[in-house]
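Summarising the annotation, Swiss-Prot assigns domain 'DHFR' to 3-161. As annotated by Swiss-Prot, substrate binding site applies to Ile7, Ala8, Ala9, Asp29, Arg60, Thr117, with the evidence given as similarity to another entry. Among the features that Swiss-Prot reports, NADP(+) binding site is placed at 8-9, 16-21, 45-48, 65-68, 98-103.
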Amino acid sequence: MLKITLIAACAENLCIGAGNAMPWHIPEDFAFFKAYTLGKPVIMGRKTWESLPVKPLPGRRNIVISRQADYCAAGAETAASLEAALALCAGAEEAVIMGGAQIYGQAMPLATDLRITEVDLSVEGDAFFPAIDRTHWKEAERTERRVSSKGTSYAFVHYLRY
């Protein structure tokens, strides 16, 4: 069975973005994201794809979800729906969903794992991660709080579905 992991950095209010960008810069989170996703298919929505500074993400199979039938994402595969994107991952052990908010919302009921970077900030934004219902998710692992090289406190948390 395909393991489906949602990976995200979330502020205390579950904000993940503002104006199609992350409202903080935590180099250690980017390093974790890269290490975790290398060699795995990553699935994202069109807006997330368009926000990437480097496209496609190297060392990963990039799959972009867009309802626009003629949408072209150079260096990536496109899919019309989350279900179609997951079907492209049929031979993989794990698919990693990397956003944005709409895709996370669609994927949450299907997810087996959550890899959340808890960012100790409360920020204004326009994109939010879905609430993590503790009746469906148990905390499997948590790092101690750390302070990034940019001065922001954070922790990495791994949740498993009950």
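The backbone N, Cα and C atoms fix where each Cβ goes, glycine too.
Owing to the predicted nature of the structure, the values given are computational and were not obtained by experimental measurement.
Structure with Swiss-Prot features highlighted.
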residue : record                 : contacts (Cβ under 8 Å, 6+ apart)
Ile7    : substrate binding site : Phe33, Tyr36, Thr37, Val96, Ile97, Met98, Leu114, Arg115, Ile116
Ala8    : substrate binding site : Ile16, Met98, Gly99, Tyr104, Leu114, Arg115, Ile116, Thr117, Phe129
Gly17   : NADP(+) binding site   : Pro23, Gly99, Gly100, Ala101, Gly125, Asp126, Ala127
Asn20   : NADP(+) binding site   : Lys47, Glu50, Ser51, Ala127
Asp29   : substrate binding site : Ala9, Thr117, Val119, Ser148, Tyr154
Arg60   : substrate binding site : Thr37, Leu38, Gly39, Lys40, Pro41, Val42
Ile65   : NADP(+) binding site   : Ile43, Met44, Gly45, Arg46, Thr78, Ala79, Ala80, Ser81, Leu82, Ala84, Ala85, Ile103
Gln68   : NADP(+) binding site   : Arg46
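Fewest other C-beta atoms within 10 Å: among the binding-site residues Ala9, Ile103, that description fits Ile103.
DSSP gives Arg46 (NADP(+) binding site) a helix state. The full span of the recorded substrate binding residues, Ile7, Ala8, Ala9, Asp29, Arg60, Thr117, taken as their largest Cα to Cα distance, is 20 Å. A simple way to gauge crowding: the CB of Gly100 (NADP(+) binding site) has 23 other CB atoms within 10 angstroms, across all the protein chains here. A helical conformation is recorded for Ile103 (NADP(+) binding site) in the three-state DSSP classification. When Cβ atoms from all protein chains are considered, those within 10 Å of Arg46 (NADP(+) binding site) total 18, not counting its own. A sphere of 10 angstroms centred on the C-beta of Thr117 (substrate binding site) encloses 20 other C-beta atoms.
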